[in-house]
Each structure stands twice: as C-alpha cells, then as structure tokens.
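Peer 1: Encoded as structure tokens, here's the structure I'll be asking about.
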Amino acid sequence: MHTIRQRIRLIMFSSLASILVLGAFSYYYFYQQNQMSEETQRYQEAYVSSQYIKDDMLDTLEKQETYFAQPSVSNAESVLGAIAGIEKQASTYEEKYKDNNDLQAYFTQIKDGAASYEKELEKVTSMNETIGYTSDEGLRKIISDASENFRSMSENAGDDVSAALENVTRTEQGIIQPPNGVAPNKDEFDEAVDAFKRAISDSDLESGAVSDINSSLLKYTSAMSTLSNTRTQAAELATNFETSALEVTTTVDSVGETAIEQTDNLKQSNERTSTVLGIVLLAVIILSFLLVLCIGWPLIRAITKSIRQLKEATEIIGNGNLAYRVPITTKDEMADLGETFNQMAGKMEQSMIKVKEASEVLDDSSSYLAAASQQTAAQYEEVNQAIGQVAGGAQDQAAQLEESNMMLDKVRHAITLMKDETALVGKAMKQAELEGSNGINQMQKLHETSDSFLKLAQKLTTEIQSAVQQANQIRSIVQTIEEISESTNLLALNAAIESARAGEHGRGFAVVADEVKKLAERSKQEAQQIHKLVGTMNQQMTDLAEEAKAFDAYQQVQAFSVEETTNAFDRIHKQLQQGNTKMKDISSSVSEVAASNDSVADMLGHINQIADEAASTAQEVASSSDTQAASIDVLTNAASQLQQLAKELAIEVAQFEFASASDESAEFSDKEEDLITSDSTESETEAFAEMDVEAEQPDFPITEDEKDKTTDYKKTS
C-alpha cells in the first residue's frame with residue numbers, strides 16, 4: 001500500500017467495521033434492555049391492576065354491608081354496579097395478559113369469583129324486592145294492610161286481646177327487620193299468633209267479627225310465613241358472600257406476589273446480561289482503537305512531511321523567487337501534487353516575463369490615447385451648448401399645452417360627474433315609479449287577503465267549538481283508563497302475593513306481576529296528565545272563541561285603512577311619472593355639453609402631441625451629446641489610469657526573479673518595435689480596442705457614474 005488513497009481506504013474500512021460491530025453490540029444490548037424493561041413494566045402493571053381490583057373489592061364489601069344494614073333499591077344497584085365493574089376489569093386483564101398463563105389464570109379466577117358473587121347477590125336483591133324495601137311495597141304492604149285490618153276489628157275486644165296483639169306486633173318486627181346476618185325467630189312469632197287466636201276466641205266479640213279477624217289473621221300469617229322463609233334464605237346467602245370475597249382477595253394477593261417474584265428474576269437476569277455485554281463492548285472498542293492507530297500514525301507522518309515541503313516552496317515563490325522547484329522524494333499522491341506545483345510555478349514564471357514586457361508597450365499606448373480624447377472633448381462641448389438652447393424652448397411650449405389639457409380634463413370630469421349623477425337620479429325615479437306600481441298591486445292583494453282572513457276567522461270559531469266538545473269526550477275516556485289502571489294494580493298485587501307463596505318457582509311470575517303493577521301505575525299517571533291537558537286545552541279553546549269574535553271588528557277597520565293607503569299610492573305614482581320626464585330632458589342637455597368639450601380636448605391633444613415630439617427629439621439629441629461628452633471624459637480618465645497602471649505593473653514585476661529572462665526579452669523587444677513604427681491610424685484603432693476591453697472588465701478603480709457613462713457611450717456608438 002504505497003498510495004495515500006489505499007491507506008485511507010484501509011483506515012476507513014477498519015473504522016467502518018469497528019462501527020458496525022459496536023453498533024451491533026449496542027443494538028443487541030439496548031434491545032435486551034428494552035425487552036426486560038417492557039417485561040418488568042408488564043409485571044408491575046399486573047401488580048397495580050390487582051391492587052385496583054382489591055381496592056374495588058373492599059369498596060364492594062363496604063357497599064354490601066350498607067345494603068344489608070339499610071336495604072334499598074339505590075344500595076342494591078350500587079353493590080351490583082361495583083361487582084360488575086370488578087368482573088369487567090378482571091375480564092379486561094385476562095385478555096391483556098393472555099400471553100402469560102399464570103397471570104391469565106389468576107385474573108380468570110378473579111372474574112369467576114366476581115361472577116359467582118354477583119349471581120348470589122342478585123338472588124338476595126330479588127328476595128328483598130319481593131319482601132319490599134318499605135312498608136308500602138311487596139309483602140310488607142300486604143302484612144301492613146292485614147295487620148291494620150284485624151287491629152281495627154279487635155279494638156274493643158278487651159285487655160287480653162290488646163296485650164296479645166302487642167306481643168304479635170313485637171315479634172313481627174323480629175321477622176320483618178331481623179339483625180344483620182341473623183335468621184328471623186319464626187317460633188316466637190307463631191306462639192304469639194296462637195296466643196292472639198286464643199284471646200280472640202275467649203273474648204266477647206260476636207262470631208261474625210271473630211270469623212273476620214281469623215280470616216284477616218290467616219292472610220297475615222301466610223304473608224309473614226313467606227317473608228320469614230325469604231329472610232332465612234337471604235341470611236344463608238349472605239354467609240356465602242364472605243367466602244366469595246375472601247377467594248377474590250386471596251387471588252389478588254397471589255397476583256401481586258407472582259408479579260413481584262417475576263420482577264426480581266428479571267432484574268437479576270438483566271444485571272448478568274449487562275455485565276457480559278459491557279465487557280465484550282469494551283474489548284471491541286480497545287481493539288478498534290489499536291487497529292486505527294497502527295495504520296493511521298505512519299500515514300499522518302508521511303502526509304505532514306509532504307505538506308511541509310509544499311509550504312516551504314510556496315513561501316519561497318511568494319517571496320519572488322519563481323525559479324524555485326519542489327523536490328520529489330515519494331511516489332504517492334503528494335508526489336503528484338509536487339509535480340503539478342512545479343509545473344504551475346514554471347508557467348507563472350513565463351507569464352510574469354510576458355507581463356513585464358507588455359507593461360512597457362501599454363505605457364506608450366496609453367499616453368497617445370489620453371491626448372486624442374482631450375481634443376475630442378473640446379469639440380463635443382461646443383455642440384452640446386447649441387442643443388441645450390433648442391431643448392429649452394421645446395420644453396416651455398410643452399408645459400403650456402400640458403396646463404391647457406389639465407384644465408380641459410377638469411371640465412370633462414365635472415361633466416362626467418354631472419352626467420353620472422343625472423343617470424343615477426333618473427334610475428332612482430324609475431325605480432320609485434316601479435315601486436309605486438308594486439305598492440298599488442300589493443294593496444289590492446292585501447284587500448283580498450283581508451276578506452279571506454274574515455272568512456277564516458268565522459270557520460276557526462266553528463272548529464274551536466267542535467274541539468271543545470271532543471275534549472269533553474276525551475276527558476270521559478281518560479276517567480275510564482284511570483279506573484282500569486286501578487283494577488290492574490290490584491290484580492298485580494294479588495299476583496305478587498301468590499308468587500311469594502310459590503317461593504323460587506313463582507319468581508318469574510313475580511317479575512311479571514311487578515312489571516304489570518308498574519305499567520298500571522304509569523297508565524294511571526299518564527291518564528291523569530292527559531286529563532289535566534284536556535282541561536287546559538278546553539279553557540284555551542274557549543278563550544280563542546271569544547277572541548275570534550273581536551277579530552271581526554278589527555277586520556272592518558283594516559279594510560278602511562287599506563282603501564286609504566291605495567289612494568295615497570296612486571297619487572305618489574303620478575308625481576313620480578312627471579319627475580321622470582323632466583330628468584330625461586336634463587340628461588339630454590348634459591350629453592350635448594360633454595360632446596362639445598370632447599371636441600376641444602381632441603384638438604388640444606393633437607397640438608400637445610406635436611409639441612411633445614419636438615421636445616422629445618431635442619432632449620434625445622441633448623442626451624446623446626451629454627453621453628458622448630461623458631464617455632470622452634471617462635476615456636480620458638481611463639487613459640490616465642491605464643498609464644499609471646502600466647507603471648505600477650512594471651514596478652511589481654521587477655520584484656520577481658526569473659530563470660530564463662534573457663531568452664524571452666528579445667522576442668518582446670521585436671514586438672515593441674513593430675508597435676512603435678506602425679502608422680498612426682492602426683495605433684489609434686488598437687488603442688481604442690484595448691480601451692473597450694478594459695472598459696468591460698477594468699482593473700483600475702472607476703466610480704459608478706463613470707461606469708454608467710461608459711455604458712451609454714457604447715449604446716450611442
């Protein structure tokens with residue numbers, strides 16, 4: 001590898017290979033880190049998700065305790081909503097962690113436990129709905145009504161009956177609202193009822209009253225028996241809630257423990273992998289550095305040595321010794337650069353020799369050019385003065401004609417404005433006349449509409465009276481609907497009682513009975529609302545009938561007003577027609593004045609055009625003369641500067657040393673003699689040609705004004 005290119009290529013390939021190896025190791029390292037980080041984050045998310053479920057489960061248990069302590073529809077819905085949310089969360093996490101069998105199994109177990117909990121809770125809420133959350137619902141309403149019935153019938157039965165009745169009432173509360181989680185004491189209630197029956201039998205009540213009390217008591221005890229059984233089943237189901245909740249909580253704790261264990265394992269594996277990859281990466285970096293250093297250090301020394309030689313040669317030639325050459329000691333690209341540098345130095349030496357001899361010839365030619373330009377400048381000065389006088393007279397005449405044109409333009413503008421305003425007024429008059437005609441037509445239509453309006457009012461009064469009669473019929477129908485809804489409500493209540501007696505088998509029928517009861521209550525409410533609306537509509541119809549009678553009187557006044565307005569529009573229309581005729585006469589007069597003014601303006605315009613052409617011609621001649629004079633001044637200055645430049649060039653060239661100056665001097669001497677001995681015409685032509693070239697790309701300082709003058713001079717020539 002003798003060339004710099006080959007050495008640099010080897011260094012570049014070595015560096016590229018090192019970078020690729022480092023990149024591969026870095027990518028693998030960061031990929032492993034990213035995978036472990038994602039897995040760790042996944043287990044942490046699973047742990048956090050399990051804690052969320054645990055918190056929600058605790059909240060659900062609190063709501064459950066609230067529901068058992070204070071049964072109500074809102075508390076039941078709150079507990080069901082909470083457990084449904086836990087089931088939904090567990091289902092979501094089950095799908096999310098389906099690629100991890102352990103976590104998926106835990107969340108599946110949580111979902112199943114929540115579903116079981118929800119199923120048991122729905123049974124309890126259904127039973128409580130059958131019993132009734134208040135004394136006005138379900139079995140509690142039936143019990144309350146029956147109790148009130150036989151209470152009223154046994155008021156005068158004696159103290160024994162009253163005492164037995166109080167005992168029944170006391171034991172009744174132990175069944176209707178037993179302590180939370182405790183089954184109702186049915187035996188104590190049965191004993192109190194038997195005692196009440198014996199007290200009734202021993203009382204002084206008539207046999208018919210006793211029979212009625214026993215009938216109501218039978219209905220009462222039947223409902224209490226159903227309620228007691230329902231309470232007992234609800235208490236048994238309540239014990240299952242604790243077991244389900246404990247299973248869910250235990251499963252949630254297992255998820256957290258598994259997530260923490262897997263996270264610790266991942267951290268240990270990550271530390272071992274990081275250590276191994278760090279050692280390998282450090283070894284690759286050290287080997288790559290040593291390889292690049294061994295190859296690059298000799299190359300840097302060789303390039304530095306060659307550059308130092310070129311720098312020394314440049315300084316020698318820059319000091320004026322053009323005969324110096326760079327020594328060639330190597331065979332690489334720096335040697336090629338040295339040879340090229342020596343060739344450049346040789347050509348520069350030859351060029352400087354030619355420049356030195358050409359500067360002497362340039363000095364003589366510039367002296368002749370300066371003398372010729374001074375003589376030409378004097379001649380152009382005289383011509384320029386004569387042209388200036390002619391241009392001044394032409395400009396004065398053009399100014400006077402311009403002033404006349406301006407005055408005519410003002411007159412033309414005033415006439416145009418008057419003509420436009422006249423046209424606008426005429427247009428407005430026509431529009432007003434048209435609008436007057438339209439107004440008359442509209443008034444006729446208004447008269448016809450007024451007659452139709454009166455007929456419509458009469459018909460409206462008749463229709464309103466008919467609507468009042470129909471509203472009365474609707475009110476009768478609504479009353480019938482209310483009676484039907486009350487009967488349906490009673491039937492639904494009886495169905496609920498029968499379904500309660502049937503127990504689990506009558507559960508579906510109880511739901512249907514409850515829906516029928518709700519439908520009957522809703523029908524009753526809607527019927528009452530329709531009844532109110534019909535009453536309001538009837539009153540409004542009566543008011544409308546009274547207002548329709550007053551509307552007839554207003555219609556007669558309106559017909560009189562319409563007639564008067566029509567007559568006023570006729571008078572306005574006639575006045576507008578007369579004004580429109582007068583505006584047409586004014587517009588015709590303004591058009592004639594405008595035509596006369598345009599004729600005068602055309603004549604002055606023609607005269608002004610002739611004066612402008614004369615002034616323009618004089619100005620062009622004066623401008624051309626000024627341009628030629630300026631060009632001659634520039635030419636004179638350029639000749640002087642060219643002569644000065646030739647002297648400065650000779651001084652600069654004298655600072656250099658040439659190896660072959662004597663060989664070239666003879667050739668340039670011969671050329672100088674030919675130039676000096678040539679005739680004056682050829683010398684002048686060559687001088688102007690050289691001056692033209694220098695004007696295009698001058699090497700001496702020229703101001704911007706002088707450049708502009710030179711450009712104008714070239715265009716004129």
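Quick reminder: no glycine exception, Cβ is built from N, Cα and C everywhere.
What TrEMBL says about a protein is an automatic prediction, not a curated fact.
OK, TrEMBL features for this one:
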COMPBIAS  664-703  compositional bias 'Acidic residues'
COMPBIAS  704-717  compositional bias 'Basic and acidic residues'
DOMAIN    301-353  domain 'HAMP'
DOMAIN    372-608  domain 'Methyl-accepting transducer'
REGION    662-717  region 'Disordered'
TRANSMEM  12-31  transmembrane segment
TRANSMEM  276-300  transmembrane segment
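Give me the lay of the land around each of these features.
Peer 2: Within its own chain, the transmembrane segment (12-31) has Cβ neighbours under 8 Å at 274, 277, 280-281, 284-285, 287-288, 291-292, 295, counting only residues six or more beyond its boundaries.
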Peer 1: Using Cβ atoms and a strict cutoff of less than 8 Å, what residues sit near the transmembrane segment (276-300) while being 6 or more residues removed from its termini?
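Peer 2: Hits for the transmembrane segment (276-300): 4, 7-8, 10-11, 14-15, 18, 21-22, 25-26, 28-29, 32.
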Peer 1: Quick one: DSSP breakdown of the domain 'HAMP' (301-353) into helix, strand and coil?
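Peer 2: DSSP composition of the domain 'HAMP' (301-353): 39 helix, 1 strand, 13 coil.
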Peer 1: Determine the mean pLDDT over the domain 'Methyl-accepting transducer' (372-608), rounding to the nearest whole number.
Peer 2: 69
